[in-house]
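Straight from TrEMBL, the features:
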type	residues	note
TRANSMEM	A:12-35	transmembrane segment
TRANSMEM	A:70-92	transmembrane segment
TRANSMEM	A:104-125	transmembrane segment
TRANSMEM	A:202-221	transmembrane segment
TRANSMEM	A:241-265	transmembrane segment
TRANSMEM	A:342-362	transmembrane segment
TRANSMEM	A:369-392	transmembrane segment
TRANSMEM	A:398-416	transmembrane segment
TRANSMEM	A:428-448	transmembrane segment
TRANSMEM	A:557-576	transmembrane segment
TRANSMEM	A:588-619	transmembrane segment
TRANSMEM	A:631-650	transmembrane segment
Amino acid sequence: MDYLGQLLANGLVLGAIYALAAVAFTLVYGVVRLVNFAFGELFMLGAFLTASLMLPEVRLLGAIVPMPGFSLPVAAAGAIALTAALGVLVDRIAYRPLRNAPRLAPLITSIAVSVVLQSLAQTVWGAEELRFPEFHLATLPPVVLFDSIYLSVMDLVVMATALAAMLGLSAFIARSSLGRAMRASAEDQMAATLVGIPVNRVVAAAFAIGSGFAALAGLLYAQTYGFAHSSMGFLPGLKALTAAVLGGIGSIPGAALGGLILGLVEALGSGYLPNGTAWKDAISFVLLVGLLYLRPQGLLGKPELNSAGRGSLLGGASEFGAGWLRAAFGKLDGGLARAASAGTPAALGLLALALVVGALLPSDYWLRILTLVVIYGMLASGLNVIVGFAGLLDLGFVAFWAVGAYLTSILFVLVLKDQFGVEPATIWWLLYLNLPLAGLLAAGFAVMLGTPTLRLRGDYLAIMTLGFGEIVRVVAINWMDLTNGPMGIRGIPAPNLFGIALGSPRAQFFFALALAVVVVFAIARLVRSYVGRAWVAIREDEEAAEAMGVPTARYKLYAYAASGFVGGFVGVFYAHTQQYISPLNFSLFENILLLMLVVLGGLGTFIGPFVGALIWIVFLQLALDLPFVQAYPETRFALLGIVLIVLMVFRPQGLAASARVALTMPGARPANAKEAA
Amino acid sequence: MSQTAHIVHLTAPTGPADAATPPLLQVENLAVSYGRIRAVDGVNLHVEPGRIVSLVGSNGAGKTTTLMALSGLLPLASGRIRFAGEDITALAPELRVARGIAHVPERRRVFAGMSVRENLVLGAYARGDAVDIASDLERMVALFPRLGERMAQQAGTMSGGEQQMLAIARGLMSRPSLLIMDEPTMGLAPQMIDLILDTVLEIRKQGTTILLVEQNAVEAMRLSDHVYIMRLGRIVHEDSGTNIDPERVKSFYLGADA
Ligand SMILES: Nc1ncnc2c1ncn2[C@@H]1O[C@H](COP(=O)(O)OP(=O)(O)OP(=O)(O)O)[C@@H](O)[C@H]1O
Ligand SMILES: [Mg+2]
């Protein structure tokens, strides 16, 4: 009982923090139907800003800067105001231009904003934790309930603050004029405009309040656990999003309920389950996946919301940007489209070029990098099947990659070598068996993942796949017996053909190219077949596709399976070239990176993923020569984020949109032919 | 009030109608495009104060597009809009409401999840918080007694006719000098249509100028002081006051379908 009581108390504190951050997601989603992934980073900034304002001095960009040394309440108020202003700025720059853009565009910019903010925070505050200064209330003796449950005074402050903030917000939304205007804009933006509501300003207000709540949650979190760190917002951000979805996104009581449930379940889970603390991150995502399956609208949400995010992920365009900029992008697109319409010759030309480079390039170092380009290009191609061709946003793709990499590593190293003492070179053929086997296994996983998501649309789908991806990663970390846990698996043998070790970088590059040919050829065949036409129809308009008799559920599953197959297939090769894998290789960030590569190179095109990978990985290497980047390597990610935001704002359809495999109907001209002109 | 009474009343328009009065609304050479499709192409029209002016035309003629451009919901490809002597072409939509243009949109678009009262209060948003909303609510209840009984009801649960009343009342809450209405009788039973059209006359009588879009050209002509007929994005004919000849208008109107 005492133990339970203490767990409940801890759960309430954590739940209060999740609930506050969930309010941020729910408020902004309710008003503009945007999942603003960047709230996790605003949460982190709230913590850093508060801590910095409380200290007498902090180290910023490596230099000691004197700080005011405010007390916690003053510093918190300052940090909340600054974060709210930043939130409004982000909306203005990265989201407002995209209000009428294809729905993928603001999702991408929100992820890009996260990446930018996180790498900037790391640049400014450094990679180390910043200790959260102690507030004098924290030194008071704890409150003891029922003789056995200890709550620090600050725990009570956290809960009271959260309660007050949420009650205050509810009253504000229910009664104030601005609150009413927010509800009106959430319901019908056009009607709201017609009664004279300045909708853009109302949306900005929602961002300000949401960002303020995220900052409040972040600073309370940091003060509870005693530190601030540039990556601290990532998991709590996901949890808060989960809480918002759990409670029914768009509903403020739902966010409170979702946050509390999540906090309590995590506290109880880590207290009672065997090895519970390790598994607690998986618990919330299992809860999310289960709930979305049973009740997609969440506990208190309205059923319509599941359909709110519907509509084509890639369709539509916005009328934003200076004419010459749009024209420039249009030209670039036209060029890409012409290159793509060359089709097979272009692909063969590129392959020939790659072969020549592979044969002549003297540097092993660069050959390894090019091999990585081809691997990431193949992985991005797999993701492209589901995002670019079928138009379903998938944030759990890394899981398939992990399945392939782990399957072959476990078989080769943990089972055959460690258990049976088999020398890898004698079973070199197993690799070639594993390639299709891992593909099939991952495809099976993908179908398992896909089935419960069939009822979900748009943003909900993205969140659910994200939950799946995280579950697989947590399993990889914690199922020690199977995966060797965070230590990862070492000594994976290099590929081998008929006893000849393909250990040299050049051999591996050619190996990678051979696999890439297989992958691209297979995807191209699929996309040009009836299956591919069904995918494109689903991408352009799922309702219409269904109405025309396309069994959309079945073809969506095919898309998951095909993309999973590629992920598993490539994962096998990846493990053998890297010779070491660990759960860190398969984080959500990798998934985001792959998504960005596809967007960069051109969604729904065949060579785009490789182009994106080439641009990014070569840039990553070249940038390392710049002195500034050497001092602050994470700024490279900020740069990628900025490039993507600019790209999305001025070209929301993505690059090479006119080269995208288009919807074809009997007798119709290719839909994008005129666009290229 | 019977229908015939209105017709008599209408054939002798109230208020000064001669060209000397400066128009309340003046639209010159208005053009609006959706991407490459030009939906409205060079429309000129003007609305004198105290009048009821109708814009009629068949489906897809560009009536709704014209009205949306007037309230600033769509960007103009070209043209100028003057309202009460001021050029409002580049004015933000919410400021146009504040200047005195209210727009009752096609398909009513009440805030379905909110109460009738909240819908009405939102109608006064552009006027700011300080103004006396209670007396306006009373005015709306006097105009539509039905709304008075349903102040607390969720707007989305009301009948189509009731929602139309609410949409009109919401528009009037901003105390407009020009009320734009887009097919207020769409999908309503005949009795309800009569009631709504009676109210249109009543609103004008209380001093609000009206720009009305109607599918039902015959009804529109009975009410109006002036009629514009639109076809394929252009004004193809207009008629004024006693000159309105239903048969002629009808032939233009039907011509669009032919
Ligand atoms: N959002 C839009 N995108 C593209 N085209 C549009 C859009 N809205 C309207 N149109 C086109 O513009 C033209 C004019 O439409 P509009 O709605 O203004 O007609 P209307 O006269 O109001 O018709 P109705 O009497 O049916 O309401 C039509 O051809 C229509 O297809
Ligand atoms: Mg219309």
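Easy rule for this one: first residue shown is 1, then count along the chain.
A Cβ is built for glycine as well, from the same backbone N, Cα and C atoms used for every other residue.
Recorded stretches compared: A:104-125, A:369-392, A:398-416, A:588-619, A:631-650; the one with the most Cβ pairs under 8 Å to the transmembrane segment (A:557-576) is A:398-416. Contact check: the transmembrane segment (A:104-125) against the transmembrane segment (A:631-650) gives at least three Cβ pairs closer than 8 Å, residues 6 or more apart, which meets the contact criterion.
If one looks beyond the transmembrane segment (A:342-362) by at least 6 residues along the same chain, the residues whose Cβ comes under 8 Å of a Cβ in the stretch are 370, 374, 506, 509-510, 513, 517, 520, 606-607, 610.
A:202-221 is the stretch from A:202-221, A:428-448, A:631-650 with the greatest number of Cβ pairs below 8 Å to the transmembrane segment (A:12-35). The transmembrane segment (A:588-619) shares the most Cβ pairs under 8 Å with A:398-416, out of the stretches A:70-92, A:202-221, A:398-416, A:428-448. Beyond its flanks by at least six residues, the transmembrane segment (A:428-448) meets 399-401, 403-404, 407-408, 411-412, 416, 493, 495-499, 515, 557, 560-569, 571-573, 576 of its own chain at Cβ-Cβ distances under 8 Å. Long-range Cβ contacts of the transmembrane segment (A:70-92) within its own chain (Cβ-Cβ under 8 Å, at least 6 residues beyond either end) map to 38, 42, 45-46, 49-51, 53-54, 113, 135-137, 203-204, 207-212, 214-216, 219, 223.
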